[in-house]
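To start, the structure under review is shown below, and the notes come after it.
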Amino acid sequence: MSIKTEEISALIKQQLANYNEELAVEEVGTVTYVGDGIARAHGLENALSSELLEFSNGSYGVAQNLETNDVGIIILGEYENIREGDQVKRTGRIMEVPVGDALIGRVVNPLGQPVDGRGEIKTDKTRPIEKKAPGVMARQSVSEPLQTGLKAIDALVPIGRGQRELIIGDRKTGKTSVAIDTIINQKGQDMICIYVAIGQKESTVRTQVETLRRYGAMDYTIVVEAGPSQPAPLLYIAPYAGAAMGEEFMYNGKHVLIVYDDLSKQAAAYREISLLLRRPPGREAYPGDIFYLHSRLLERAAKLSDELGGGSMTALPIIETQAGDISAYIPTNVISITDGQIFLESDLFYSGTRPAIDAGSSVSRVGGAAQTKAMKKVSGTLRLDLSSYRELEAFTQFGSDLDAATQAKLNRGKRTVEVLKQPLHKPLPFEQQTVILYALTHGFIDDVPVDDIMRYESGLNDYLESNAKDLMDEIRQTTKLPDTDKLDAAIKAFTEGFVPEQAADDKDSDK
């Protein structure tokens, strides 16, 4: 057998030509310090700001401080298994969270991992947690109402889809309850809700989730939970993770409501991180970019232009004050970023006025344009009536001689306060709110005893749904007031037949 050297050499040349050695080049650094959710690494000279980094044990971190010799890293999750000398490598991407319909009805942590014990979340979509907010030309003005179901808000401080409305007040004044009631009221409104719990007790979050589930609100709600026992970096990124999940729906033409409960705790977590990273402290030891922390988050809420699908994301950030001081550093920052605030007052709360909304300090800067015509008509003089009542109430403490006009204003004011009260987790449909406020502002309730107002309201709604359903349907469908003569006649008929509780008791005792 003869060996053909030409064939062998051709075969070797062909194999050499096809040989391709793939080299994986990675920039790797070494951990020089770790503790309190923070790590420092040497050797990552080309790392980018906010880049996702991977530790040798599989944990992840985010590059925060880019210094001459070191990179300051916040560790996402547990840091106990990371040691000095461990390797850390660049990934070339920024942090992303899973998004999409699969998250609806679930409770997740800020990394998008389920914490409700109901199995894994099957979605292949992800979004970066940091994203540039829509520009001026990508937005349109707020024009659609977002009904909270709370008379005091929908009448006095209306909210529109795409608005940022701050809920502010001392601890235990009902801030979370306002947000939860608003989420419950979105049932059937084609709205996806996201509740971001930042630093809230695990037991409290469990209670809120059970409440949402009981009222069927988890069918359209995602809960993002970062508990107080978790490292500060997770509390810091939680609102951005929630915003990324909301943007997935917003950019697909859907409407989103996102609640940040609360941003005071996120600011405290960011202060902790910044001090550990040895950034220069400023006022109240917060870093210099604390304003940017909240502005870049809240600016992501918007009503998109029709060219981009017309979707919206409405933000309800919550801020906790100390002794009602809304002029403190973080409260004034967030007030200046948002489109209005709902101020909840301790004195009102403890006196039984719930929701404890202070009409004088609460304002909505853009929601008025989104308010329905019916609500605008019936609530026109409400704020003025309420503020004049507060003044007269203070004045009457010094004397009891009042003329008839002043007494009438006081009587109307007492009934206004009573009408605006609402039981917990009982949001009212828009048409029922409109009718009771119409009855109030047109004097139908002036002779109803204050203690019977809630019973009167409930009875009036039942009566109109049974005997004047066409009027209620008209308000519901057109969002305008129907024929006022018919409405007056229906309310008058019910009012004349309404028996106050005291009178009913007297009749029973006579028998």
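Quick reminder: no glycine exception, Cβ is built from N, Cα and C everywhere.
Feature list (source: Swiss-Prot):
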type	residues	note
BINDING	GLY169, ASP170, ARG171, LYS172, THR173, GLY174, LYS175, THR176	ATP binding site
SITE	SER362	site 'Required for activity'
Inter-residue Cα distance where the pair is SER362 (site 'Required for activity') and THR176 (ATP binding site), in Å: 17
THR173 (ATP binding site) to SER362 (site 'Required for activity') - Cα separation in whole Å: 15
ATP site, defined by GLY169, ASP170, ARG171, LYS172, THR173, GLY174, LYS175, THR176: further same-chain residues with Cβ within 8 Å of the Cβ centre: GLU320, LEU344, SER346, PHE349
Nearest-integer angstrom distance between the alpha carbons (Cα) of LYS172 (ATP binding site) and SER362 (site 'Required for activity'): 18
LYS175 (ATP binding site) CB neighbourhood, other CB atoms within 10 A: 25
Whole-number Å value for how far SER362 (site 'Required for activity') lies from GLY174 (ATP binding site) (Cα to Cα): 15
Residue among the binding-site residues GLY169, GLY174 whose Cβ has the most other Cβ atoms within 10 Å: GLY169
Number of other Cβ atoms within 10 Å of the Cβ of THR173 (ATP binding site) across all protein chains: 26
